[in-house]
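First up is the structure itself, then whatever we jot down about it.
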Amino acid sequence: MKDRYILAFETSCDETSVAVLKNDDELLSNVIASQIESHKRFGGVVPEVASRHHVEVITACIEEALAEAGITEEDVTAVAVTYGPGLVGALLVGLSAAKAFAWAHGLPLIPVNHMAGHLMAAQSVEPLEFPLLALLVSGGHTELVYVSEAGDYKIVGETRDDAVGEAYDKVGRVMGLTYPAGREIDELVHQGQDIYDFPRAMIKEDNLEFSFSGLKSAFINLHHNAEQKGESLSTEDLCASFQAAVMDILMAKTKKALEKYPVKTLVVAGGVAANKGLRERLAAEITDVKVIIPPLRLCGDNAGMIAYASVSEWNKENFAGWDLNAKPSLAFDTME
């Protein structure tokens, strides 16, 4: 049987990434060009800056991904691309490159939901058994997703306001930490103590919804009031207290979801899945189901995860036409 190679593109936010997946399960390359340094001084991603960076490096990323995989353009069997959710300008760069490559070589174009990519990155650890439940935690999303089979996703719970990663960045900015703040907060946690009583919104309510705006506001108010009084607060203790509240919320809702949906596997994915505190809590408290977390290199935005997610779409022959457009607000229930 002839080998099949998927060339995947991911440009939904501030990472330009191109990857090659061989025979559905062997990731040969996963090139990522990060823009973090360009956005640090703004304290967040500037859409126009992100789009321009994508344009500047996308061709080099394609060439590097093919070279690292040891294949040529003629060896590629299909092209996969993120078409949402994300920043519209950033998405369009990846879409344009992917469609141009597919059209030039007469290849099928596979549309992939960015969040499905995060979820299916777990396939790199071991073959997934369905049905399963997934906790997706990133800068833009906090969702509990029930997956009955590969490619069949149903959101059963989500945030009503801020995403968890967004909350990390906002409190990090208040403390003067560098963007993105998640990693630094996670490191400072282990040097501090949980001494500030921050709210755990909706933690006792009988639903699978999340809310982090109250926690964020309480944190900002505490910090602001201390500054007004000339008081000094321990950054380490603030981080420890904030993260303890976040983890209590995530764990409570995840446990409730596992009670409602009795599955054998829990996937935890997205940029925040790299958090040490979250991994420690999962290992200690979720012991009756298998917990699968992608390796650190596949937690952030990358094209490797898009390649993994595209396999089920290819098997269903869910190909896109040349009119495929960016859908910045794409949800699981509105996929192509």
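The count begins at 1 with the first shown residue.
Just so it is clear, glycine is given a Cβ too, placed from its N, Cα and C backbone atoms.
On a predicted model such as this, the values are computed, not experimentally measured, just so you know.
Here Swiss-Prot flags His114, His118, Asp301 as Fe cation binding site. Residues near Asp301 (Fe cation binding site) in space but far in sequence (CB under 8 A, at least 6 apart, same chain), listed by position: Glu10, Ser12, Cys13, Asp14, Glu15, Ser17, Ile32, His114, Gly271.
Around Ser138 (substrate binding site), the same-chain residues at least 6 positions away in sequence with a Cβ under 8 Å from its Cβ are Met115, His118, Ala163, Val164, Gly165, Gly270, Gly271, Val272. What Swiss-Prot records for Leu136, Val137, Ser138, Gly139, Gly140, Asp169, Gly182, Asp186, Asn275 is substrate binding site, and it gives sequence analysis as the kind of evidence.
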Exercise for review: Starting from the Fe cation site formed by His114, His118, Asp301, give every other residue of that chain whose CB sits within 8 Å of the mean position of their CB atoms, in sequence order.
Suggested key: Glu10, Ser12, Thr82, Met115, Gly117, Ser138, Gly270, Asn302, Met305, Ile306
Check your understanding: Among the binding-site residues His114, His118, which residue has its Cβ surrounded by the fewest other Cβ atoms within 10 Å?
Key -> His114
**Study point:** Long-range Cβ environment of Leu136 (substrate binding site), under 8 Å and at least 6 residues apart
**Key:** Met115, His118, Leu119, Thr142, Glu143, Leu144, Val145, Ala269, Gly270
Practice item. Express in Å, rounded to the nearest integer, the largest CA to CA distance found among the substrate-binding residues Leu136, Val137, Ser138, Gly139, Gly140, Asp169, Gly182, Asp186, Asn275 named in the record. Key: 18
